[in-house]
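Encoded as structure tokens, the structure appears first; notes follow it.
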Amino acid sequence: MLLAADVGNTNVVFALFEGRDIRARWRIATDPRRTGDEYAVWLLQLLQIEGVQREEITQIIFASVVPRANHNLTVLCEKYFGIAPLVAGEGKAAWPFQADVDQPSSLGADRALNILAAHEKYGGDLIVVDFGTATKLEAIDFNGTYKGGIIAPGINLSLDALVGKTAKLPRIAIRAPETASVIGRNTEDQMLIGVFWAHVAMMEGLIERMRAEIGRPAKVVATGGLAILFDEKTDIFDHVDADLTIEGLAILAEHASKQ
């Protein structure tokens, strides 16, 4: 079995794969100070609950946008599983696609995994939208070449700025507004409308501009924790794939095994 870990700015997602099928997944808050031993205490208990012996894991791969976490994950893999992990974007796990951009080496691992998985799963010209700490949009041509993208503040970052820079506005929970009205009747509704519909308008507008620049029809694949929430209020997505990033790790591990 393959153990994959995606280290994001907010959470670390672990997934256990049998082939390309996800058998189990677990999530823990990202903390660069968390040691390999602490990861092991948490993860080995979850594997036991799942009925998996650590010896059944034969390959480990991780991707990280938090460099300070990498050493501790490597300790986890080597000390508790006896496996040298593949690191996404490095060595045998180098990205197996072309990046037609100015600085290919600056492409974040999470974005690269989305590019790889989207092309593998859906093909054709694509725009991938990932709703994370930042909202990221990627343009991929029919050959799987990465053509560039956009990084914008995520909806929670927008809300944090709104609340943090004002004296009286309250903290609210992000959710889909109950009605299509964009005229709120109280402060909390007005804030929700402001951050939610502004994000939808930004996303839809950017996608249409990207499609026009690409010059060919491009399917839109949405991923990230809030993708389903936005899918309720827009029809611009062709596919919503919550597992796109983590599945990218399984695909990358397959490529690495052939090296």
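Each residue, glycine too, has its Cβ placed from N, Cα and C.
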Record-annotated ATP site (Swiss-Prot): member among T58, T74, T133, T135 besides D6, V7, G8, N9, T10, N11, V12, V13: T133
For ATP: widest Cα to Cα gap among D6, V7, G8, N9, T10, N11, V12, V13, T133 in Å: 14
Most Cβ neighbours inside 10 Å, all chains, among the binding-site residues T133, T187: T133
Sparsest-packed of the listed binding-site residues (V12, A109) - C-beta count within 10 angstroms: V12
Candidates R111, D130, T187 (binding-site residues) with Cα within 10 Å of G8 (ATP binding site): none
Cα-to-Cα gap, T187 (substrate binding site) vs D130 (K(+) binding site), nearest whole Å: 29
CB-centroid shell, 8 A cutoff, ATP site D6, V7, G8, N9, T10, N11, V12, V13, T133, site residues removed: T30, V65, V66, D110, G132
